[in-house]
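Taking it in order: structure first as structure tokens, then the write-up.
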Amino acid sequence: MADYLLNALQWIDGLGTWAAIAFMLLYTVATVVFLPGSILTLGAGVVFGVILGSIYVFIGATLGATAAFLVGRYLARGWVAKKIAGNQKFKAIDEAVGKEGLKIVILTRLSPVFPFNLLNYAYGITNVSLKDYVIGSLGMIPGTIMYVYIGSLAGSLATLGTATNQANPTLQWTIRIVGFIATVAVTIYVTKIARKALNEAILTSEVDE
């Protein structure tokens with residue numbers, strides 16, 4: 001699959017003024033169908049440079065993530081709802097995410113632990129609003145810039161794999177530390193609001209009884 005994506009990047013590189021649009025469309029589709037976005041992100045650095053590459057990756061990733069979110073919400077939600085019917089814990093967590101969705105989306109976008117493509121569909125079956133979900137995509141910016149920058153160091157698509165060895169170690173460690181902090185933060189935060197939501201759900205059910 002990596003070879004196909006590299007060939008696609010080579011083709012895009014020769015499109016001239018249409019290259020940006022073709023790249024963003026490819027990235028959008030890749031996000032929806034679970035293709036490895038890392039290759040495209042690194043390749044953007046070679047084809048477009050750091051600034052434009054980062055912009056095009058962000059737009060393509062956001063469009064793809066939004067499309068996957070909508071598919072998860074309107075096409076897969078019914079099936080998932082049947083699977084978790086009667087599960088009070090999921091309902092409580094779902095409601096909690098709906099209340100604090102923006103913060104959670106931003107933190108999970110900053111963290112490298114959460115799989116990007118799968119997470120897009122997972123958010124679709126929660127109560128997080130589309131607005132908060134899209135705004136939360138801003139959390140992708142630091143990682144996007146880093147990987148596009150690393151890709152730009154390769155100089156050509158043929159040597160793309162060697163770019164990671166040339167990257168500034170300080171930059172790499174900075175992004176890793178930010179990602180680690182975000183991972184810890186989102187874990188603690190989700191646990192906290194989930195526990196609060198569960199307690200509220202339990203109290204409500206007791207009052208109803």
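Keep in mind that glycine also has a Cβ here, set from the backbone N, Cα and C atoms.
Summarising the annotation, Swiss-Prot assigns transmembrane segment to 15-35, 39-59, 110-130, 134-154, 171-191 and lists sequence analysis as the type of evidence.
Only residues 6 or more beyond the boundaries of the transmembrane segment (39-59), in the same chain, are considered here, and those with a CB under 8 A from a CB of the stretch are 2, 5-6, 9, 12-13, 19-20, 23-24, 26-27, 30, 137, 140-141, 144-145, 147-157, 160, 163. Sequence-remote contacts of a segment are chain residues at least 6 beyond its ends whose Cβ falls under 8 Å from one of its Cβ atoms, and for the transmembrane segment (15-35) they are 1, 5, 8-9, 44, 47-48, 52, 56-57, 59-61, 63-65, 67-68, 71, 116-118, 120.
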